[in-house]
Amino acid sequence: MEKYILSIDQGTTSSRAILFNQKGEIAGVAQREFKQYFPQSGWVEHDANEIWTSVLAVMTEVINENDVRADQIAGIGITNQRETTVVWDKHTGRPIYHAIVWQSRQTQSICSELKQQGYEQTFRDKTGLLLDPYFAGTKVKWILDNVEGAREKAENGDLLFGTIDTWLVWKLSGKAAHITDYSNASRTLMFNIHDLEWDDELLELLTVPKNMLPEVKASSEVYGKTIDYHFYGQEVPIAGVAGDQQAALFGQACFERGDVKNTYGTGGFMLMNTGDKAVKSESGLLTTIAYGIDGKVNYALEGSIFVSGSAIQWLRDGLRMINSAPQSESYATRVDSTEGVYVVPAFVGLGTPYWDSEARGAIFGLTRGTEKEHFIRATLESLCYQTRDVMEAMSKDSGIDVQSLRVDGGAVKNNFIMQFQADIVNTSVERPEIQETTALGAAFLAGLAVGFWESKDDIAKNWKLEEKFDPKMDEGEREKLYRGWKKAVEATQVFKTE
C-alpha cells in the first residue's frame, strides 16, 4: 500500500492541501480561497474559523479526489503565511478577534511609540527583526488593548496566542497541542533567537502575558495526532511545521551554509542558510531561524522585495498592456534592450536593503521612441535588479559569495526573467522540476519525523533540476545596466509626495 505525506500550505489568499509520494512527487492538489477583510485603510484581516474550514475542506478533497485512504497518510506537514496572528479563548476555541494579517499596518502607532522610547535596538539584537507592524508581537498587544475584556482574560490564563501554524495544530489535534516551531517563533518579536526562548523583557515591553504563548518545538517532530473525527477516524501524526519562506528553503534542499533560494511570488523573498551562526546584518536584512531539527538550529538571512510578481499583474490588470502573465515574456524578447528605460516598482515603498516606506513607483529614461515592449521588458528586469540588491547585501553581511541561486514562485516560468536574472547577478539560476517548494518543504520536515525519508541526504536526492540558466552577459554591460538601476532607485527616493 503506497503511503503519502499530506502537506497543508496555508497562504494569504488560499489554503491548499498537496499529497507527496516517497519520490517527492505531487500525487494530488486541492485549493480553496477565503475572504479578505479590510476594516480600515491599511488594515488586513482574516477570519481564523474560515481558514480552519478551508483547511478541512482541502484535506477532505485531496483525499477523496485521488482515491487515497486516510490510513495511507504517513504524516501531516504544515506551512503557513507567517506573522499572521490569532488570539482565541482556550475554553470555547473561538477567536476573540479576526486574525491580523502580516500585511496589516494597524499597529504602526505601537511600533512608533516603542521606537521613540528607544527600544528598537533591543528588539533588533534579540530577535533579528525590525520593529515593524509586519511582525506578530505588536498585533497581539493590539488585540489585548482593543478587544473588551481581553487583557483581563489573558492575565487569567483564558486566552491563547498563535500564528496560523499553531492555530491549525491546536484544531487538528483536538486542542491537545499548543505549539509552534522555531521558524515561526522567530517572526513574533517575542522570541530570543540566540537563547531560543520567549524573552521576558520583550514580553514586558509588549505587555503580553507569557501564559498565552505556545511551546516552541523543532520544525520536524511529532507534535500530536489528528483527532479521529477530523480525519476519517484516523490518528495521523502532525509532524512538521515551518513558516512559508523557511519551508521553501528546506524544500529547495538548501541545507548547506551559503545555499540561497529566491521566491518570486507577489513579493520576493530571498533566504540564505547561514548554518549555526546568526549573522547580524548591517545591510537591512533580517536575521531569522531557518529551521530546527534534531536539537540543532539553522539560521538564515532574509531579504524582502515588496513588489515582484505583482508588477506583472500590474501590467496585465492595471495598465492592460498584456492579456496574460506569460505574454510578458514574448513582448520583452521582441526588443534587444529597454533602450535605457528603468521601472522602479516601489508601489508600496522599497524593501531590502532600502527600507523606504515613503518611496513610490517611478519610470525613468522615456523617449519618443519608447514602445510597449521596452516598458514591459523594463518591468520584468526590475524583478532581477531588486534580487541583485538583496544578494549583494547577503554576500556583504555573510562574507559568502553565492555560487548558485535556486528559484521558485510564479514568475520562474518566465525564461526571459530567469536568463536576465543569471546575467545581472553573474550567478547560475537553478529552476527545479517541482516548483511547489513551500509545500514540499513542509512535507520533507514531516516525512523526516515519521521515517518516511531517512535523512536530509535522502531528501536532497529528490530535488531535481528542470533547467539551469548560466550568465551570458559580459561584465561591462552588466555593471553599466546595474549602475543605471542604482541611479533610478536614488532618484525615486528623492521624489516624495506630500
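A Cβ is built for glycine as well, from the same backbone N, Cα and C atoms used for every other residue.
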Note: Swiss-Prot has Thr12, Arg16, Gly309, Gln313, Gly410, Asn414 binding ADP, and from Thr60, Thr266, Thr367, Thr370 that site also includes Thr266
Given that Swiss-Prot records Arg82, Glu83, Asp244, Gln245 as binding glycerol, the matching residue among Tyr37, Tyr134, Tyr291, Tyr299 is Tyr134
For Thr13 (ATP binding site) and Thr266 (ADP binding site), the CA-to-CA distance in whole Å is 11
Taking every pair from Thr12, Arg82, Glu83, Tyr134, Asp244, which the record gives as binding sn-glycerol 3-phosphate, the longest CA to CA distance in angstrom is 15
Within 10 angstroms of the C-beta of Asn414 (ADP binding site), the count of other C-beta atoms across all shown chains comes to 21
CA pair Arg16 (ADP binding site) / Asp244 (sn-glycerol 3-phosphate binding site), Å rounded to integer, equals 13
All chains considered, the count of other Cβ atoms within 10 Å of the Cβ of Thr13 (ATP binding site) is 12
Gln245 (glycerol binding site), DSSP three-state class -> helix
Among Thr12, Arg82, Glu83, Gln245, i.e. the binding-site residues, the one with its Cα nearest that of Gln313 (ADP binding site) is Thr12
Longest inter-residue Cα distance for the glycerol binders Arg82, Glu83, Tyr134, Asp244, Gln245, rounded to the nearest angstrom, is 15
